[in-house]
Every structure is written in structure tokens, then in C-alpha cells.
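Colleague: Taken from Swiss-Prot, the feature 5-phospho-alpha-D-ribose 1-diphosphate binding site applies to Gly81, 84-85, Ser89, 91-94, 109-117, Ala121. Per Swiss-Prot, the feature anthranilate 1 binding site maps to Gly81, Asn112; the stated evidence is sequence analysis. As annotated by Swiss-Prot, Mg(2+) 1 binding site applies to Ser93, Glu226. Annotated anthranilate 2 binding site per Swiss-Prot: Arg167, in sequence order. Sequence annotations record features per position, and here Swiss-Prot assigns Mg(2+) 2 binding site to Asp225, Glu226 based on sequence analysis.
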Amino acid sequence: MADLKPYIAKAASGEPLSLGDAKAAFDIMMSGQATPSQIGGFLMALRVRGETVPEIAGAVASMRSRMIPVIAPDDAMDIVGTGGDQSGSYNVSSCTAFVVAGAGVPVAKHGNRALSSRSGAADALAALGINIEADADTIGRSISEAGLGFMFAPMHHSAMRHVSPSRVELGTRTIFNLLGPLSNPASVKRQLVGVFAPQWLEPLAHVLKELGSETAWVVYGDGLDEMTTAGTTQVAALENGQIRTFEITPEEVGLRRCSPAELKGGEAAENAKALLGVLEGKDSAYRDIVLLNSGAALVVAGKAENLKDGIAQAVQSIDSGAALAVLQKVIAVSNDKPA
């Protein structure tokens, strides 16, 4: 039986693990060969020392080797946050996914239930009537017929069951918050990824490059794992094999600046109702932040030339009813009914 203890000792001593060592350590954990105490100790040793790019890449390689895949078009993208930002905000990336799909870009959305917030992507989408436990074939059909499919992380990463108890007991963010957005079962090459802290912007952009992404924006919105309309968003963009960093304010793209309080969400049912309101065309601070993130996603997808163009397309997606139609189709297909 493989032993995690040498890797715990290495991490605890402050020594970085190579990509190969990191993959080996995660293989041990994901195959059920480590105790909950060992897993907790290893995760906290990495957290305290600070996870490195090779460690994250090795961990993702381990997760990807075990996942149940979903077939999606080559131009599909993911819009996802790491979670762990402790903000309790609305489900921005979930709402954004419908708007982007309504604008004509296939979305393979990867997400989970809340671990550190009151409502994760899966919680809100389930409250809307989407069957979050649909199988891989149904999700593939949802992407091709509705323009969007939701992949519930535990259904595709069943090996996570070995580490979930330790994560819940720790009650704090770990390397796994970073891994979810990097382990999309549809193996998308275009991503808009939100991170919970600015120090992860460039490292995650480098990991995505290492793992074969073509275009990606890694974003941090002044306390949110999304682009924000309540402050300044920092971006690390992977484009044409290069990584560049820049900042965006809502005013420079024609959006109203709001207060952080206006973006506060609630329980899943409340967030689902608010999400539906945005798709139905209601004006709000939630709509504005969704427009900003949708505009960025459309730039990443190659559908928009710039952020203002992307936002204009996002407005059209909502106001034409296209985004709402995507939601209705996804509900139907995920429950195995005709779209």
C-alpha cells in the first residue's frame, strides 16, 4: 500500500513537491489509501507553506486521470469560481453561463454544492429545477441541444469521496478549491476562472497554460471570485501563449459601480429567484455584474472583440429572451424531457 507520510513530511518541512511527486501524493489520497488525518495534515501543510504551480498541475493531472468525461464541442468554455471568497454573493458565474450560452457560445459548466458559502452553483441550479445529477450522456446532449450543460463535480470526480470528509472537517479552503475549476470533465480549452485571492491570478494562468488551455482569464474582484462592479477587478489573461495582467473598473466599460452589499446573496432558493430575475430582464446590481462577467467570457470565447462589445452581446442575450430560453431547455433536457 502506498504511503502518504513521506509527502506530508516533505510538505511540512517547507520543501516544494515536483509535479510527479504531487501527482503521486494525490493518487494515494484519491484511491483511498490515506487516512482522513493524513489527508488533513497534508492539505494544511500545503496551505500553510503555500501551494506551487507544479503541485497544482500534478494534483489536477491526478484528478483528470480519474474523472468521468463529458463530450462537448471544441469551442465550449467554462465559467467558474474557486469559491472560498467568504463573500456570500449571488451565484454570478451560474447566471453568467446562461447569458453566454444565450449569446451562442457552448458552456460546459462545472460546479459543486456550497462548501464555504450559503449557496454554491449546484444548490442554486437544483433550486431552479435542473437535475444536477444527470449522467454524462445527458449533459453532453444538454450542451449540444440547449447550449449549456451542468456537470456536478461529485458525479464526475467520484474519487473525491475519499477527501471530502477531511475538507468538510477542516472547514477552510485548501488546494481543492483551486483544483475544481482546473478539472473540467469536458476538457474545455477556454475558461473564465475567478479566484479567492489575488496571489493566485498569475499562478493559475500558468497552470492553465501548462495544462493546454488556449485562452483564459483568471480574475479577482476586490474580495470576490468573480469580476466585480463594486470595485476594481484584477485579471491575468492567457492569450496566444502569453500571460498579461491588467485591471478593469465598471465605469470604463459603461457599467454602474455598486456597493458590495448590493451583491449579497442568500440561501439557494433566494439566489435562484434572483438569478431568474436577471434572466427575465429585471434591472439590478446583480444584472450589471452578470453583464460584466458575460462580456469577459465572450471575449475569452473569441465571440467578442472587446469587453464593451461582449457586454452589448450579453445585454442582447438577456433582453431577447435567449438566456432564459437556455435555462428552460437545460431544465427539460437534464430531466430527460424533449428540449
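Yeah, the Cβs are placed from backbone N, Cα and C, and that goes for glycine too.
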Colleague: Can you tell me the three-state DSSP label for the residue listed as 'anthranilate 2 binding site'?
Modeller: helix
Colleague: Counting other Cβ atoms within 10 Å, pick out the least crowded of the binding-site residues His110, Arg113, Arg167.
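Modeller: It is Arg113 that, of the binding-site residues His110, Arg113, Arg167, has the fewest other Cβ atoms within 10 Å.
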Colleague: What's the most sparsely packed of the binding-site residues Ser89, Ser93, Asn112, counting other C-beta atoms within 10 A?
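Modeller: Relative to the other binding-site residues in Ser89, Ser93, Asn112, Asn112 has the fewest Cβ atoms within 10 Å.
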Colleague: Can you grab the distance from His110 (5-phospho-alpha-D-ribose 1-diphosphate binding site) over to the residue listed as 'anthranilate 2 binding site'? Cα atoms, rounded to a whole Å.
Modeller: 19
Colleague: Can you tell me how far the Cα of Gly81 (5-phospho-alpha-D-ribose 1-diphosphate binding site) sits from the Cα of Asp225 (Mg(2+) 2 binding site), in Å?
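Modeller: Just about 5 Å between their Cα atoms.
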Colleague: Relative to the Cβ position of Asp225 (Mg(2+) 2 binding site), how many further Cβ atoms are located within 10 Å?
Modeller: 28
Colleague: Determine, to the nearest whole angstrom, how far the Cα atom of Asn112 (anthranilate 1 binding site) is from the Cα atom of Ser93 (5-phospho-alpha-D-ribose 1-diphosphate binding site).
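Modeller: Just about 12 Å between their Cα atoms.
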